[in-house]
Amino acid sequence: MGFIQLIYQFYPHSHFKGKIQTKYKKLKYMASYYYYYLLFVLVATAAISEADSKTKLSKDFYSRSCPKLLPIVKDEVIKAINKETRMGASLLRLHFHDCFVNGCDASILLDNTKNFIGEKTAAANNNSARGFDVIDDIKTKVEKACPRIVSCADILALAARDSVVYLGGPSWEVGLGRRDSTTASRAAANNFIPAPFFSLTTLKSNFANHGLSVEDLVALSGGHTIGLARCVQFRAHIYNDSNIDASFAKSLRSKCPRKGNDAVLAPLELQTPTHFDNLYYKNLLVKRGLLHSDQELLNGGSTSALVKKFAANKNEFFKAFSKGMVKMSSIKPLTGKKGQIRIHCRKVN
């Protein structure tokens, strides 16, 4: 028995039937309206959720649109490192310095324009950041394979991973789908990139501001197991600090006088500066960290415990480094319709 027929049983008089039918039609219309409204809300919510999921970084982001991307980047990175072994460390550092300035958006690659002064001349990058030509070469080949598809920011992330792996370090899944910024900021680079003279407290604060933990700080600092640093970056440590091995400091002073020779290079990790391993931490234990900020990690508390842990177990370091790189590479990426896919990494389209 339907709803309207049930009502008629209780109100059989004819003068009620018209009112009942009118009320029923209104109720039926309202029920129908709210049904379709609810359905619309559910469909819209699902659509938004699906759109959001597409903007998240994914290792398979280019699997259909640019299937040759990964082998192109890997081959070009290997070619560059074989030409100059130091380049592996430079590409890793380039990605690091990019992500710490307003997120991983390839802003570090932009040249100066009339609208902004770029990050290349910031204190941490000026006459120091390298690998721009390598990224240009990779981008050129990627553009030939799949024009206007792959961002420079994603190329930086892949080049950093492939560099570490080729030099004997761990691998990790690189989330892809970043887009490129349309501006850069030297002021932001000066403010946000950790400096070699930072104290442990300042280092912790700097990393925390980027959503990175104390373990991330110690693990990512282990990237200094490869590469070189300039005299100007370690001069204060070898002349002014007490937490440094005396013979180690003396050997460096012959290369790096109190004045001059700013560009003279020394390995960040003395024994194997072109092989990714855990000797960096072993050097810290005997006060042979090249930078003040390196040796600060062995300054008591949780960071000292992590230094000892990574010095004793390379696998633990590799695991923590990989985890930290995934987190760092995910700092405020531009996705969806934000930013752009630059055709040339050095300039906005």
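Here the Cβ of each residue, glycine as well, is placed from N, Cα and C on the backbone.
According to TrEMBL, the feature Ca(2+) 1 binding site maps to ASP98, VAL101, GLY103, ASP105, SER107, GLU119. Remark: GLU119 (Ca(2+) 1 binding site) has HIS97, VAL101, SER107, ILE108, LEU110, ASN125, ALA184, SER185, ARG186, ALA188, ALA189 as non-local neighbours, by Cβ distance under 8 Å and separation of at least 6 in sequence.
Annotated heme b binding site per TrEMBL: HIS224, in sequence order. A 10 Å cutoff on Cβ-Cβ distances gives HIS224 (heme b binding site) a total of 24 other Cβ atoms nearby, all chains included.
The Cβ neighbour count for CYS66 (disulfide bond), using a 10 Å radius and every protein chain shown, is 18. Per TrEMBL, disulfide bond is recorded for CYS66-CYS146 (among others).
Sequence-distant contacts of CYS104 (disulfide bond), defined by Cβ-Cβ distance under 8 angstroms and a gap of at least six in the same chain, are HIS95, ASP98, ALA153, LEU156, ALA157, ARG178, MET328, SER329, SER330, ILE331, LYS332, PRO333. Under the heading disulfide bond, TrEMBL lists CYS99-CYS104 (among others).
According to TrEMBL, the disulfide bond annotation covers CYS152-CYS345 (among others). Cβ neighbours of CYS345 (disulfide bond) (same chain, under 8 Å, six or more residues apart in sequence): ALA106, LEU109, LEU110, PHE132, ILE135, ASP136, LYS139, CYS152, ILE155, ASP180.
Residues annotated as disulfide bond in TrEMBL: CYS231-CYS256 (among others).
The domain 'Plant heme peroxidase family profile' annotation in TrEMBL covers 56-349.
Annotation source TrEMBL lists site 'Transition state stabilizer' at ARG93. The Cβ of ARG93 (site 'Transition state stabilizer') has 22 neighbouring Cβ atoms from other residues within 10 Å, across all protein chains displayed.
According to TrEMBL, the feature transmembrane segment maps to 33-49.
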Pairwise Cα distance for CYS99 (disulfide bond)/CYS146 (disulfide bond) [Å, integer]: 25
Minimum Cα separation from CYS66 (disulfide bond), reported as the residue among recorded positions ARG93, ASP105, HIS224, CYS256 that achieves it: ASP105
Cβ contacts of CYS146 (disulfide bond) (under 8 Å, same chain, 6 or more positions away): TYR62, SER65, CYS66, LYS68, LEU69
Sorted by sequence, non-ASP98, VAL101, GLY103, ASP105, SER107, GLU119 residues with Cβ within 8 Å of centre, Ca(2+) 1: HIS97, CYS99, PHE100, ASN102, CYS104, ALA106, ILE108, SER181, ALA184, ALA188, ALA189
Proximal residue to GLY103 (Ca(2+) 1 binding site) among recorded positions ARG93, HIS224, CYS231 (C-alpha distance): ARG93
C-beta crowding around SER107 (Ca(2+) 1 binding site), within 10 angstroms: 27
Candidate with sparsest Cβ neighbourhood (10 Å radius) among CYS99, CYS152, CYS256, the listed disulfide-bonded residues: CYS256
